[in-house]
Amino acid sequence: MKTIPDALFGLIGFPVSHSVSPAMQNAAFKHCKLDYLYLTIAAKPEELQNVIASMGPLNIRGLNVTIPHKIEVIKYIDSLDPAAEKIGAVNTIVNENGRLKGYNTDFGGFVRLLEHNRIAPAKQRFTLLGAGGSAHAIALAVCNLGGHLTVLARQEEKAKDLAGKMCLRLSGKTQGLELNDTNLEEALADTDVIVNCTPVGMGNLAGQSLVPPRLLRPDLTVIDAIYNPCKTRLLEDAEKRGARIINGLEMLVWQGAMSFEIWTNQKAPFRLMMKEAELALDENKK
């Protein structure tokens, strides 16, 4: 009886023990009748090179990459797709006959999320909170689709750098500002979509929000990249004020669905993956 899968896939990062990716990816493989297995690989920075080098010998067909390796892993990859190159970070690797290609599905996953929720960036004004890795991907998605973008970050230089680097060709439609009370109030008075890409709302910062409830209103769409908890303080406040809310789990599943499609050349069963991710997240809370 066969016990070895046709190919291995996995998530490399540190830590990865509570990831919902194995549940949703293995369910998708099973649904599509693919004899593949998805595992988590806890690897510290000093172990990264050896893990990437082992992809060929261990028949690892693809990897997702998470914190803290998204930038460092580029050193060990043969080529990058255009989005990953522009963003300067990789979260998906495919092993193509021994050559490793890096992708960034944070970018494409956010585009899919917008499409799924019928948000047309070209007609919208976005305020992005934070200027880290995921913010770079989201900024690129908004700018590529013609959206107006304001980036707010604690360090003004980072906000200005992101706004300028990602959206040079959209002169007059982008700005980067320090995240303070005055700039936040002015930006949100003239925005349609808020996207939180900071850790405020999770971990030690759970129960906190960067946005005072008085600045939220019913005509806003509020997206939080955080998926645990599913409903952050920001989303709770926005919902109470009548705004439309979208949590980070949907964003994560769209990113995972794109990785699945890159690896398999098959359409990802998004609804199934979403259901399995929700179940895994509930299980992690026990």
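Heads up, the Cβ atoms here are built off N, Cα and C, so glycines get one too.
Among the candidates Ala163, Ala225, Ala277, Ala280, the residue that Swiss-Prot names alongside Gly130, Ala131, Gly132, Gly133, Ser134, Gly248 for the NADP(+) site is Ala225. Annotated shikimate-binding residues in Swiss-Prot are Ser19, Val20, Ser21, Thr66, Asn91, Tyr227, and among Asp106, Asp181, Asp190, Asp192 the one listed with them is Asp106. Ranking the binding-site residues Ser19, Ser21, Ala131, Ser134, Gly248 by the distance of their Cα atoms from the Cα of Lys70 (active site, proton acceptor) places Ser134 first.
Ranking the binding-site residues Ser19, Ser21, Asn91, Ser134 by C-beta neighbours within 10 Å puts Asn91 at the top. Mapped onto three states, the DSSP output places Ser134 (NADP(+) binding site) in helix. Checked against Ser21 (shikimate binding site) by C-alpha proximity, the binding-site residues Ser134, Ala225, Gly248 yield Gly248 as the nearest.
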